[in-house]
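Per TrEMBL, these features apply:
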ACT_SITE  Lys186  active site, proton acceptor
MOD_RES   Lys186  N6-(pyridoxal phosphate)lysine
Amino acid sequence: MTDAHAFIPAAKPVIDEAEIEAAVRVLRSGRVVQGPEVAAFEEEFSELVEGRHCVAVNSGTSALHLTLLGLGIGPGDEVIVPSFSFAASANAVRLVGADVVFVDIEADSYCLDPAAVEAAITPRTAAIMPVHLYGHPAAMDRIMAIAQQHDLAVVEDACQAHAAALNGTPVGAFGAAGTFSFYPTKNMHSLEGGMVTTADAQLARTLRLLRNQGMEQRYANEIVGANVRMTDVSAAVGRVQLTKLAGWTEQRNANAAYLTEHISAANVVTPTTAEGARHIFHQYTVRILGDRDAAMAKLTEAGVGNAVYYPTPIHRLKPYWEPDQKAGRTWDLPETERAAAEVVSLPVHPALTREDLDRIVTAVNALGEQL
Ligand SMILES: *Cc1c(COP(=O)(O)O)cnc(C)c1O
């Protein structure tokens, strides 16, 4: 029985018996850090990215950070990043001492605007970091063409986009590297965890060294590295989740289609999918044309979870805003600012029932009269 008045959460991380059993099995085995489970997880995940090399790490942020280190990006380099993302995207750039160049997004996909990317390229540009936001692939066909023309590396932030694709090519299989997160609220998780995907065997080897103090052979350190290893407990949980990802993605898409079909409030704009894109609906994000705070309060009152990703564009966050102010640098990002002011994400996770979906639709359509 479902409680008609129970709150419908915006996200619902899954830890079922299978995940618990896998974790316990590893704990009992005594092999808990970067052992056989991590190797198997890497092997199995590579099927999502056309057999590319996969290097597991302890978070999506570490995946981004290590990739930039592995590509030799550092002080004096510029990396093009959307400001409309989670701060981790830009943080990785700053962590290696490079400069973030913020670029605007497309209104429909919420991902990097290729024309704006091209306009932002300077002699110092080293890389472009498209973010496949909400699970919608960025315009990789155009971004890859620009990168090739200017000889730039592309680092895909696919942390929200497991198994998204554009024209049949999965995200994480376009750029020099792709990065994924397995944080509990993502479409699949490993408690905490991340993965780098790359077709470049040399880069993959460098990343394996960087994640483990620069060692392949114990105590024969080849380079300066960190410790961002994944545990075998995480990998075992991730392997279980990976087997469920396809089914969950199908359910997310069905939920999104149902919401889009039934949401009819004139002041609520439902999400679109670009031609050729496979959206995996990490988030189902609408625009509220009106008083968003009031809308969110009404949704919450109706028991419908909701959240803004992200209320403050990265360029307006203190660690970016203050140095830019000091340097007299400003960014012209009208679509980013508009999105940050208008978006709200609604529940779309696979655990939603038809009854939940109908309650979400009713609550959203009621906003039409309330705003
Ligand atoms: C979650 C996320 C990250 C960081 O992943 P963690 O595993 O939390 O470190 C990076 N970029 C984007 C777009 C994300 O959503």
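Numbering starts at 1 and runs along the chain as it is shown here.
Cβ from N, Cα, C; glycine included.
Automatic, uncurated: that is what TrEMBL annotation is.
Shown in sequence order, Gly60, Cys159, Gln160, His162, His282 are the residues of the chain, 6+ apart in sequence, with a C-beta less than 8 angstroms from the C-beta of the residue listed as 'active site, proton acceptor'. In the three-state DSSP classification, the residue listed as 'active site, proton acceptor' falls within coil.
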